[in-house]
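Scroll down for the structure; my scribbles are underneath it.
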Amino acid sequence: MLNLRNIRFVLWMLVGLAVGSLAILVWQIAATEPQRAGTIEPGRPMAEGANWSLLDEAGRPFTPADLRGRPTLLVFGFTHCPDVCPTSLSYVANALQALGPQAEDVRSVFLTVDPERDTAQVMSEYTALFDERILGVTGKPEEVTTALKSLGAFARKAPLDGGGYNVDHTASMLLLDAQGRLRSTLDVHEPAEVAAEKVRRLLSTS
Amino acid sequence: MRLFLSALAVSIIMITSVAHAAEVTAGDLVIEQAWARATTLSAKTGATYLAVRNTGSQPDRILFIETPVAGNAVAHQTRQEGDVSRMSETGPLSISPGGTLEMKPGAMHIMLMELSGGLKVGQQFPLTITFEKAGKVEVPVKIGKPGAMGSE
């Protein structure tokens, strides 16, 4: 009798311990994981209810309403980034190439995470290096911060030893449908044809 | 005027360099496939990639990297943590005996800072690397397309 109660006590202790350690583990993972675009859930609305106002490379307003009407290929980055960003943008350029005439049905946006250095003029010159169809978007720093947050993107300045700074940022490229809902992500490690196929699939269903 | 002259000097260096980026040998080290990505005219930063092969029996180390096209050249490492990409200085880079130090997009690269006049596709510029043992060596760097993923 006493024995049985002891066993039950020990078992409950073990359950408590397991739940406790699991909670700590989950908490630690959540704490170390940067606030990534892990909010990438298919169907997540990116434009609905969002309130930000940016400027495109030609100085025209760019608002959440501009994420509607046709699918959007959204890339985060900055022009002082010599390694990752050119890789992403040339990937988008290759995907547009692979799409052929269908490339006209998708909007490609390069949204800066460094609005202080990336003026509309700088963005315009930079995107033209890769493909004229890629639209550079910048704006007031506080508006860019709001937009990045609402799009689920991460960006944080990291000072460099020799002066200046770099911006750590979300590397995934997002594919939004014509209603501005997140549908899929693109990965530079996949062939550009895979990206083109994802866009084609979206075009055929929207 | 002095600025103009140095800009002219840089342009001449860039234009007169030989047309193909061959491998360069310094002691036991072979430096190959040195290339960079073209940038806009006003760009302040750029990336250069190369490989250093150590054919000897002693490890060697990169001490400095210099180039007339940039105010500053430092080896950087891009790291992908989850969905976020970060970049940091690598610190001193060593090349073990029989080993190869390979730089490539998305990984290790030489970050050029304070570029003056950007990097134009098809041109070349000299990069001087000082190794601890092999000493100073000048490597011609070929400028590829803005989104090039390798030499050529």
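Glycine too: its Cβ is placed from the backbone N, Cα and C atoms.
What TrEMBL lists as transmembrane segment is A:9-30.
Look at TrEMBL and you will find A:Cys81, A:Cys85, A:His169 tagged as Cu cation binding site. Within the same chain, residues at least six positions away from A:Cys81 (Cu cation binding site) with a Cβ under 8 Å of its Cβ are A:Asn166, A:Val167.
Look at TrEMBL and you will find A:Cys81-A:Cys85 tagged as disulfide bond.
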Sequence-ordered list of residues in the chain of A:Cys85 (Cu cation binding site) that lie 6 or more positions away and have a Cβ within less than 8 Å of its Cβ, or none, is A:Gly77, A:Phe78, A:Thr79
